[in-house]
Amino acid sequence: MFGGSSSGPRISTVSASSSDFGSCTEFTNYVVTVPPTPDNNPEPGPAQIPIVKQDIGSGSPNKDQESDDETDLRISEEHDTLLNKISHPLTRIVKISPIIIAIYRILIVVRVLSLGLFLLWRVRNPNKKAIWLWFLSVICEIWFAFSWLLDQIPKLFPVNHATDIEALKVKFESPNENNPTGKSDLPGIDVFVSTADAEKEPPLVTANTILSILSVDYPIEKLSCYISDDGGSLLTFEAMAEAASFAKIWVPFCRKHKIEPRNPESYFGLKRDPYKDKVRHDFVRERRYVKRGYEEFKVRVNALSNSIRRRSDAFNSKEEIKALEKWKNWKVKVEEDQDKEPRPPLVAPKATWMSDGTYWPGTWAVPCLHHSRGDHASVIQVLLDPPENEMVKGTCGNESALDFEEVDMRLPMLVYVSREKRPGYEHNKKAGAMNALVRASAIMSNGPFILNLDCDHYVYNSRAFRDGICFMMDSNGDRVCYVQFPQRFEGIDKSDRYANKNTVFFDINLRALDGIQGPMYVGTGCLFRRTALYGFGPPDYFMVEEKSSGCCGLRNKNRNPATVASEPVYYIDVEDEDQVDISLIPKQFGSSSMLVNSVKVAEFQGRPLTTAHSSRRGRPPGSLTGSREPLDYATVNEAVNVISCWYEDKTEWGVNVGWIYGSVTEDVVTGFRMHEKGWRSFYCVTEPDAFRGSAPINLTDRLHQVLRWATGSVEIFFSRNNAIFAGRKLKLLQRIAYLNVGIYPFTSIFILTYCFLPPLSLFSGHFVVQTLTGSFLLYLLIITLSLCGLAILEVKWSGITLEEWWRNEQFWLIGGTSAHIVAVLQGILKVIAGIEISFTLTSKSSTGDDEDDDFADLYLFKWTALMIPPLTIIILNIVAILFAVCRTVFTDNPQWSNLLGGTFFAGWVLLHMYPFAKGLMGRRGRTPTVVYVWSGLIAICFSLLYVTIKNSEIDGGSFVLT
Ligand SMILES: O=c1ccn([C@@H]2O[C@H](COP(=O)(O)OP(=O)(O)O[C@H]3O[C@H](CO)[C@@H](O)[C@H](O)[C@H]3O)[C@@H](O)[C@H]2O)c(=O)[nH]1
Ligand SMILES: [Mn+2]
């Protein structure tokens, strides 16, 4: 009833303030059709690679004096090289030094064995004087060993992959028989950017991301960019319109001068010499011009919130006057005619207005009915039309300051999308937003691949899209569900105090998974195969099934019932249309027939090329070089239809199709479901980094972020997406890795306990073992040394630094004692009481006051209850050490061994807590030593007091030093 039909979903009209913005007001529309498959190419039989006989690239002209023999020879050589290049793999494995890996594996075995022996020893040798202390510690140690194993085992087969974009170019963008002009035969990519709050995610940041996407090095007509605005805010909308307008000079400028990175804010902020390696004489002038343009653009974007407010105020007061007049007229009428006309409202609503004098259909500055967060209409606006099919050259620099005569001026399509939201509907956070984009884009551009970026993650390496596509177009590419790029961060303090960079995860864990079934999906910087997102399985399986059952496109009857019941129809073959049970599809994808029809097109376009040596079903070369039809109004209307909030009712969106709902870490679940179906993913580490983003650098925001991730993990643990229940196609080690994702927050229970053990032991005068025996110390030594050895080897094969590894260890304890434990409680609450967990956005804007200090934010101190447990731990441990020292020194019954053990453990805890203590101190200059010294002094006073009283009891009142 809140459906779009009642309040009318609308297509807003553009309202940008900038001048050269004409083209956006009318949008031409565009549809991708299935490229005609050559009739002579029966599927799925092997097809021949077309071999080009003449004019390869800038092939050398035939000279008359050359003999026929020579020419033939040359041609055949060219054949060979071309054939070589065409069959050349697009990706390859870069071996990590086998010696390092061998030692690494041996050390793992050593540590597993010694841990086992140690635990055995511990269980057999209880501390009879303090059984409780012994028992607690042994339980914790067993769990730590278990969780270490979960983390370590999937790291047995680390691997590095490299791509070959030159080979990709030869294969897809060089002239050949099927494609004489050498027009790009690469598949389309739809880029999704998510933003949700114009305050926490500044539109300027988002606009920069958009600019970096619009200028990537990928065939322009194959690229479409969609921005999802979950805030439905006019500010974001107009900032995007500004970005679209600035792109008209920024993008050609980047293309002409090969600018990197193509995010203007980062580019102009580079510390290195901008003229290095630049030889064009017009570069200096054009750079200056574009820089000025960017500065003006920035000022315009920054002024938007003010100008929108002023504009809205003006319109609103006009409306008010109108309303007042209406009311007066009505009053006069009522008095004169005694007419029973309904009384018009006296006050007009405080609307937010677009510059063309219409209401903004999204949320308003003063929220009101149908115009607030969580209650507004759908908005789709094509900000940049789909580009022409052929290159459009720019003009020479006489009238304009820029000379773009040789530059392609086209821009990829850019679409602003804000899905409809109504109260009473679950919106499913980011996953819901992404699914709306999946549908809208299926109708508007239907790129067979989808790249997902958070608004603060921009394209740092303009060729990264090609790197990703290499994996997809390689000979086994049709088994690949996604290619994950590592998340890299900027603006982080040098020592990365809170392990924001997460290099241990991104360079060790994910690389290791790449050697099994592939990295997890981590939410941003990921290139998906559209059909994998649609919930289909990989084709390998289909081929087997097809051979055995002889039928096409239908689901496997003898599959595990749990997965069959809800799994979408298998691969649909374009040629086998008649045999597909189409009636099943709307149940899964919803009622839009345009959407349903687009599925098979995307499947076809996502296939790698057919090759001579492979029986896999590919697509014929040259089939993606055709032109696209323009967008029409009906298409855009249909796109608006599929982003309405009721569209997903009674469908499988979020259950089996698209991003999966039910966890605040939707990313892990979504990737998990694909691996579960037998898909393979790849990890693509590029040089320079493919994408870069921002991370919260102050302690509080960081803890909240970790809290959200851990909560998501607990949600996964308690859901049907727990890796234990996964089907047979999830490989064992991959399963253990996913299991670890669900289990790691629970480790916090034991970490917390363990951190309280040193104070307990020091206060009580006992230790976890009865006495520090040689075997205990030896075991401890082996365990510690083997861990250090593993760390060093991991550092060796992954390329991270030891400091980063250590920071990660530290934050493991800090997170474990604060965020993770709360996550476990929250998760259990959700399971028992059904209390929903909110998605607290990570703030991207710097909140520090100090303008000159890049890291002002780092020293920002915001109190949060999450800090209570670690703070308690710090204080208790310090007090305990000093107390025990005093007692041992001043009493007649010194227990040096227990003091030593306890102090060692407490020191270990405090060492890990150091960054946390630093975070509490705020500003630079004052070190956490102050915290330690102060609590130390207080502790000494208390302990002296204690010892005095104790001694005076023993010695009958007189204080005696022993
Ligand atoms: O209702 C929502 C909530 C969030 N987002 C977007 O989701 C992204 C991630 O949010 P952020 O607060 O930046 O989370 P991070 O902790 O930085 O993100 C990591 O972890 C998240 C899962 O918890 C993933 O969704 C992210 O992709 C991943 O980068 C942002 O672009 C938001 O705009 C929405 O679109 N709608
Ligand atoms: Mn983020």
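We number each residue from 1, going along the chain as drawn.
Glycine is no exception: its Cβ is also placed from the backbone N, Cα and C atoms.
Marked as active site by TrEMBL: Asp230 (among others). The Cβ of Asp230 (active site) lies under 8 Å from the Cβ of Ser194, Thr195, Ala196, Asp197, Ser418, Arg419, His427, Lys429, Lys430, Ala433, each of which sits 6+ residues away along the same chain.
The active site annotation in TrEMBL covers Asp667 (among others). All protein chains shown were included, and the count of other CB atoms within 10 Å of the CB of Asp667 (active site) stands at 24.
Every protein chain considered, the tally of other Cβ atoms within 10 Å of the Cβ of Lys200 (UDP-alpha-D-glucose binding site) stands at 16. As annotated by TrEMBL, UDP-alpha-D-glucose binding site applies to Ser194, Lys200, Glu201, Asp230, Lys429.
The annotation Mn(2+) binding site is assigned in TrEMBL to Lys430, Asp454. Following the DSSP three-state reduction, the secondary structure of Lys430 (Mn(2+) binding site) is helix.
Look at TrEMBL and you will find 7-27 tagged as compositional bias 'Polar residues'.
Per TrEMBL, compositional bias 'Pro residues' is recorded for 35-47.
The region 'Disordered' annotation in TrEMBL covers 1-70.
The transmembrane segment annotation in TrEMBL covers 99-119 (among others). Residues 138, 141-142, 145, 148-149, 152, 156, 158, 779-780, 782-783, 786-787, 789-790, 793-794, 796-797 of the same chain, all 6+ positions outside the transmembrane segment (99-119), place their C-beta atoms under 8 angstroms from a C-beta of that stretch.
Per TrEMBL, transmembrane segment is recorded for 131-150 (among others). Below 8 angstroms of C-beta separation, residues 112, 115-116, 118-119, 122-123, 736, 739-740, 743-744, 747, 750-751, 753-754, 757, 760-761, 764, 766-769 of the same chain, each at least six residues beyond the ends of the transmembrane segment (131-150), sit close to that stretch.
Residues annotated as transmembrane segment in TrEMBL: 736-756 (among others).
Same-chain residues lying 6+ beyond the ends of the transmembrane segment (776-793) with a Cβ under 8 Å from its Cβ atoms: 100, 103-104, 107-108, 110-111, 114-115, 117-118, 121, 152, 769, 802, 805. According to TrEMBL, the transmembrane segment annotation covers 776-793 (among others).
Long-range Cβ contacts of the transmembrane segment (871-890) within its own chain (Cβ-Cβ under 8 Å, at least 6 residues beyond either end) map to 755-756, 758-759, 762-763, 765, 817, 896, 899, 902-903, 906-907, 909-910, 913, 916-917, 920, 931-932, 935-936, 938-940, 942-944, 946-947, 950-951, 961-962. The transmembrane segment feature in TrEMBL is assigned to 871-890 (among others).
Annotation comment: TrEMBL describes 896-917 (among others) as transmembrane segment.
Nonlocal intrachain contacts for the transmembrane segment (929-949), taken as residues 6+ away from its ends with a CB within less than 8 angstroms of a stretch CB, comprise 874-875, 878-879, 881-883, 885-887, 890-891, 910, 917, 920-921, 959. Residues or ranges marked as transmembrane segment by TrEMBL: 929-949 (among others).
Close to ligand 2, meaning a Cβ under 6 Å from one of its atoms, are these of the binding-site residues Lys200, Glu201, Asp454: Asp454.
Neighbours of Glu201 (UDP-alpha-D-glucose binding site), defined as other CB atoms within 10 A of its CB across all chains, total 26. Screening the recorded positions Ser194, Lys200, Asp454, Asp667 for a C-beta under 6 A from any atom of ligand 1 leaves Ser194, Asp454, Asp667. Annotation note: Asp454 (Mn(2+) binding site) sits in a strand segment as assigned by DSSP. Within the chain carrying the transmembrane segment (736-756), a Cβ under 8 angstroms from the stretch's Cβ atoms is held by residues 136-137, 139-140, 143-144, 147, 150-151, 153-154, 509, 513, 516, 520, 668, 672, 675, 710-711, 713-714, 716-717, 722-724, 726, 730, 813, 815-817, 820-821, 823-824, 827, 869, 873, 876-877, 909, all 6 or more beyond its ends.
Across the structure, Asp667 (active site) and Glu201 (UDP-alpha-D-glucose binding site) are spaced 20 Å apart at their Cα atoms. For Asp454 (Mn(2+) binding site), the same-chain residues 6+ apart in sequence whose C-beta sits under 8 angstroms from its C-beta are Val193, Ser194, Gly523, Thr524, Gly693. Within 10 Å of the C-beta of Lys430 (Mn(2+) binding site) there are 23 other C-beta atoms, taking all protein chains into account. Across Ser194, Lys200, Glu201, Asp230, Lys429, which the record gives as binding UDP-alpha-D-glucose, the greatest C-alpha separation is 15 Å. For the recorded UDP-alpha-D-glucose site, residues Ser194, Lys200, Glu201, Asp230, Lys429 set the reference point as the centre of their Cβ atoms, and the other residues of that chain within 8 Å of it by Cβ are Thr195, Ala196, Asp197, Gly231, Lys430, Ala433, Cys455, Leu841.
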